[in-house]
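Annotation source TrEMBL lists transmembrane segment at B:12-35, B:42-59, B:65-84, B:96-119, B:139-160, B:189-212, B:218-235, B:266-285.
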Amino acid sequence: MHIRHLLLSAALGVAMAGSALADVKIGALYPFSGPLALLGDESARGLEIAVDQINASGGVHGEKVVLERGDAVDNNQAIGEARRLVSLVGVKAVFGTYSSARVIAASQVTDLAGIPYFELGAVADEVTSRNLKYLFRTNPTALHMGRAAIDMLAEKIAPGLGKDPKDLKIGIIYEDSSYGTSVAGHEAAYANERGLTIVAKSGYPANTVDMSSLVLELQDKGADVVLQTSYQNDSVLFLQQAHEAGYKPLAIIGGGGGYSMQPTADAVGKDIIDGVYDVDFTQYAVNTEATPGLAEFVAAYRAKYGAEPRSGHSLANYMGALAILQAIDAGEGFEPDQIVAAAKAIDIPDGTTATGFGVKFDETHQNERAWMMGMQWQDGKLVTVYPDKAAVAPMRFPVAN
Amino acid sequence: MTTFLQILVNGLMLGGLFAIVSIGLTLIFGIVKVVNFAHGEFLMAGMFITWLITTRLGLHPYAAVIIVVPALFVMGALTQRLLIQPLMSARDDHVQIFATVGLSTALINLALLIFGADIANTPAHGLRAPISLGPVRVLTGQLYIFGAAIALVVALHLMMKHSQIGRAIRAVAQNRSAAELMGINVNRIYILSFGIGAACVGLAAVLIAPLYPTSSNIGTYFVLTAFVVVVLGGLGSIPGAFFGALLIGMLDALSGFYIGSDLREAVVFGVFLVILILKPSGLFGNRRALSHLS
């Protein structure tokens, strides 16, 4: 018994020492199964490509980065998997997570354990507003989404329509969970700040089966512009029901979610979706001069997965992970405080990454250089139209009749 | 005025939609006395089959009715035979309820596995075309749903009243033991009734698929309202489900416009509660129908 015990611990010690010399373990916490699996997996692919690229160029501090997956299928499991990664696997940091609810749950575990957590894709305000010591976020958020929608409307769409932005009547509709509510809140606050006119602001449950009364309300109040923050089902429902009711606002601006996805366009049809705007993470139909490294990312993605990227999530995760891993490499070591110091020292200027934006963390550990782009559906494809430096096509406007 | 008329018509069409989804649910409850929490997932399954038939074979969505309705009948009958019947003798009725909850979760995840998380879009073949009725607009597909809901209520009523099988079903619903003593095979009637209830939601699925994007959780969008409709109309009452659905549809449309779309659920459920306080057995329910609940 004694000898077996000794042998076992000796073997364990050798194994651990051996792995510590060769590899450094990083947690990859995403929803890999369940309803969020599609985009969770897409997000994780971005991280995997960043890790491949780092390892190909010599690793971090000369050590190979090895990803240890955790499946955050729901909030409880996100917590359980975070615990496992931190205490059993012994990861040096956790990367994730796509879903805001999952990161909010899991980061409480990692912060208590003093393990750095890098969020690369979740947008809710609460992720960074809790002032956790070890949590950083590289991607743009609900605030950036709301601002980009209003900026694009005031600076580009209104002039294109030949209108003063202040004359446009804005209707804001949103699904009433934390995602839609926070984006719509930022849109309304920023529109007010810019002196624009909001005539309607209405939430609705995302699982609604009828939006005809909402369409009638917007028609009744004469909304020229509709901002919708929505998932897929309600995006389709609104676009179809507005069309069927004969309601044709001058512009519809979607906030990510359903509006960025090809199946939404296929569901409502090219005739209805064409001309609709969208604000989201950097997509692939973008001017690559503003996004250096994007073409290489797409090439690496094709080589690794044998397919085109399914959404911009992988790109956002790739860019964030690459910036963080390079910073850790430039830092002192793998101790939590050394990683945090390395993250705080990041100063990547705007326009030099594959997503177009730079990286610098503010005092809440949110990347203050993150921003979102404006897209438009043109001929059944989503193309970047805003800002000008990233645009690949001129914005199209409805023909006056 | 036009807006008001349009809201009324929208409410009516929404009511028709809720009605056609709810009829099968109330039928199953009225006869088998099982609250089927997997009802929404039956709808989802029917919509996916409709989508498959329409996109793979290029047929008009309504042609799928030939396959979907029998398929759902079989699905319902099997649910009763393999899942509910073995639990019928359980001391506590709640066991059956939890079994249907489990079935619901299993079906949602099965659909996720097979079809993924994306929406499936059934081609509309002109059913989304708006037509003008005087000052208001409706979709042709919505009109068909409304018509089908009325036809289904009438057909079920005639079947229950005038056919031998209908009489047997009513006998079982009224008193299981007495029906059994009269030589009716109660288990077979239950299987048949569950099948008919599921076939009704199959018809609903065919009619709804061209108008709403199909996804694995589409059933959960409809099922809560369907429960409200069924309880409001009086558990087990088919005309009750129809008029309950119209009431809910109207309330939803009117409150969505005049009070606010984020408050319409509060209004719908508020009115629902008030009606239940005033008339606990529902609009068309009688007290006797509730006696098996206690």
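Sequential numbering from 1, following the chain as shown.
Just so you know, glycine gets a Cβ as well, placed from its N, Cα and C.
Bear in mind that TrEMBL entries carry predicted annotations, made automatically and left uncurated.
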Near the transmembrane segment (B:12-35), which residues from the same chain, at least 6 beyond its ends, have a CB less than 8 A from one of its CBs? 42-43, 76, 80, 84, 93, 96-97, 100, 138-139, 142-143, 145-146, 148-149, 152-153, 156, 169, 172-173, 189-190, 193-194, 196-201, 203-204, 207-208, 222-223, 225-227, 229-230, 233, 235-238, 240-242, 244-250, 252-253, 289, 292
Could you tell me whether the transmembrane segment (B:189-212) and the transmembrane segment (B:96-119) have 3+ CB pairs under 8 A, leaving out pairs under 6 positions apart? no
For the transmembrane segment (B:189-212), what are the same-chain contacts with Cβ under 8 Å, counting residues 6+ beyond its ends? 17, 20-21, 23-25, 27-28, 31-32, 34, 36, 39, 42-47, 49-51, 54, 61-62, 64-65, 68-77, 79-81, 84-85, 88, 122-125, 127-128, 139, 141-142, 144-145, 148, 152, 156, 165, 168-169, 172, 179, 218
Long-range Cβ neighbours of the transmembrane segment (B:65-84) (under 8 Å; 6 or more residues past either end): 28, 32, 34, 36, 38, 42, 45-46, 49-50, 53, 96, 99-100, 103, 190-199, 201-203, 205-206
Quickly jot the same-chain residues contacting the transmembrane segment (B:139-160) by Cβ under 8 Å, restricted to those at least six beyond its ends, or write none. 12-13, 16-17, 19-20, 23, 27, 62, 124, 126-131, 166-167, 169-170, 200, 203, 207-208, 210-211, 238-239, 242, 245
